[in-house]
Amino acid sequence: MDYPDPDTIRILITTDNHVGYNENDPITGDDSWKTFHEVMMLAKNNNVDMVVQSGDLFHVNKPSKKSLYQVLKTLRLCCMGDKPCELELLSDPSQVFHYDEFTNVNYEDPNFNISIPVFGISGNHDDASGDSLLCPMDILHATGLINHFGKVIESDKIKVVPLLFQKGSTKLALYGLAAVRDERLFRTFKDGGVTFEVPTMREGEWFNLMCVHQNHTGHTNTAFLPEQFLPDFLDMVIWGHEHECIPNLVHNPIKNFDVLQPGSSVATSLCEAEAQPKYVFILDIKYGEAPKMTPIPLETIRTFKMKSISLQDVPHLRPHDKDATSKYLIEQVEEMIRDANEETKQKLADDGEGDMVAELPKPLIRLRVDYSAPSNTQSPIDYQVENPRRFSNRFVGRVANGNNVVQFYKKRSPVTRSKKSGINGTSISDRDVEKLFSESGGELEVQTLVNDLLNKMQLSLLPEVGLNEAVKKFVDKDEKTALKEFISHEISNEVGILSTNEEFLRTDDAEEMKALIKQVKRANSVRPTPPKENDETNFAFNGNGLDSFRSSNREVRTGSPDITQSHVDNESRITHISQAESSKPTSKPKRVRTATKKKIPAFSDSTVISDAENELGDNNDAQDDVDIDENDIIMVSTDEEDASYGLLNGRKTKTKTRPAASTKTASRRGKGRASRTPKTDILGSLLAKKRK
């Protein structure tokens, strides 16, 4: 591709590269970094002005030396060179880069010769952790090879500051918002805690581009970021985290901006969304013209074929005939392998490499099989199927995933949870595990077991939501001190609360102590952010022609003369701009859009987008810290719907809590039987230290 003209900003867009995914696998271990290298070579060969990466560059927040080496090598080969970077930075980068020393863009550093700058945000996989709250993107920023922007310092008070660029007559405002837990971000937007700083707007002078990394669709009422929460001055939103590639712009008619969902560059789960063709995108922006987007297919993607069948739909199969079922499934897999190999040959022939490859790359194959009992008979017997691992091992050496070619699952039946299960209602029986296993599509995660166990237990001290998240950090992100730190923090908080309760200090009754502890636990689980009293925002032009921001009858001026703040209104979820009539600018000019129109219906009450307290309810606030499974990180994925359904059931079960009783009620209840437990003994000893 030729060089862009002096007034065109050319951007390569990518997201969810997941370098390091499954890197110990002898067949697919190098797929992620090879594709990332291809992406960056496309940026170099197409003479782009910058690369924008919308999260999850690495698959884990502690990447291996191999993954880190491959990324550093690729960035050095593709981003450094003699070609000058023609972008002029107009804003103060120290407001965006939250570092002590490296507060400038890397291409303006005299110690580096950067030809293609990379701007990236952190995702949910490579997020910050540890005492210093550092993530892999911080390390790359310190090396000078990446510009890490969009960091979130406080999740309940977020200020989104753009980087302002100019090339010729074209001006670009680049916004970034790193990954925040979806429920928490939903609550922050709802409470008016998100502030956008916007450049001076004149007749569409600025092209406003934003990168986010959140759920795009609702797994629960609050576990996603609605497009309606984003301000309407944006022109385009790059949506990371979702792995399905949608190779066209989708227009939001309510907010009047376009949404691009690039998808992942490597298949991290064997599901339908990952089976779609994968692209990177080149965006050309020129002042006065509609943006031009060009999708470029990725060539290093391993061929992936997926098929779903139901044994009920095969008339000649009988539930008890295991051999006939296995024979039929083998035929289906053989057909999928033939189709995948033909597609790989065609791809190599188009690239001119058909005769140079000694062996075809092995494809990824996934056959999902519903083995539920036939619905047209009274027999409750399910189809007899072979062990999935043994069945899959037939194809070792011919497919890339020789251990999980087939996935057996049953249709979900209505779930009725018993209050008592096993001993004291806190244990999970083999039948419970089997039910969870079948509901999750044959692949069970530790997170699902922990969530189900906590729903059946009646913890009197630790909040289940926080404990669930601590276990996830311990298992998924190898944070060995996550559980210890969480328990120590919660005990310290609750002991501090109880030490100020005079009635608790006076009583020695164990039952009364337990009742008071439950109240403290409920209060500790729900920490709502108080809504701001006045979020109304007004804009006016001052004497210098620059915007100023007024909120709550106070005038607040920003530090940069080119940027003005914009608050997200707590009532309507949009940015209100009311300007003086004497200098009222015209609205954003209508661009000729080539985007696919998608009619977005008005959100009903069931989606809980409105900020009315009676619609959201206390239960949603109480469960704002529920962590939703990231289906895109599963080595062999289940359906997102299956995973979210199990968590949603847990959520509904958990929200049925009794209202907090008063201390007087607790006192009367404590006059009955009395029994001491190790938990109350521990609290008693801690409180004794407090008394001293």
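Here the Cβ of each residue, glycine as well, is placed from N, Cα and C on the backbone.
Straight from Swiss-Prot, the features:
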BINDING   Asp16, His18, Asp56, His243  Mn(2+) 1 binding site
BINDING   Asp56, Asn124, His213, His241  Mn(2+) 2 binding site
ACT_SITE  His125  active site, proton donor
REGION    522-597  region 'Disordered'
COMPBIAS  575-586  compositional bias 'Polar residues'
COMPBIAS  587-597  compositional bias 'Basic residues'
REGION    610-629  region 'Disordered'
COMPBIAS  612-629  compositional bias 'Acidic residues'
REGION    644-692  region 'Disordered'
COMPBIAS  666-676  compositional bias 'Basic residues'
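This view paints the features noted in Swiss-Prot onto the structure.
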| residue | record | DSSP class |
| --- | --- | --- |
| Asp16 | Mn(2+) 1 binding site | coil |
| Asp56 | Mn(2+) 1 binding site | coil |
| Asn124 | Mn(2+) 2 binding site | coil |
| His213 | Mn(2+) 2 binding site | strand |
| His241 | Mn(2+) 2 binding site | coil |
Using C-alpha atoms only, work out the spacing between His243 (Mn(2+) 1 binding site) and Asn124 (Mn(2+) 2 binding site) and round it to an integer in Å.
13
Neighbour count, 10 Å Cβ-Cβ cut-off, for His213 (Mn(2+) 2 binding site): what number do you get?
27
Within 10 A of the CB of Asp56 (Mn(2+) 1 binding site), the number of other CB atoms across every chain shown is 31
Measuring Cα to Cα, how far is the residue listed as 'active site, proton donor' from His18 (Mn(2+) 1 binding site) in Å?
8
Taking each of the recorded positions His18, His125, His241, His243 in turn and counting other Cβ atoms within 10 Å of its Cβ, which one has the fewest?
His241
Closest to Asp16 (Mn(2+) 1 binding site): which of the binding-site residues Asn124, His213, His241, going by Cα position?
His241
Lowest 10 Å Cβ neighbour count of the binding-site residues Asp16, Asn124 is held by Asn124
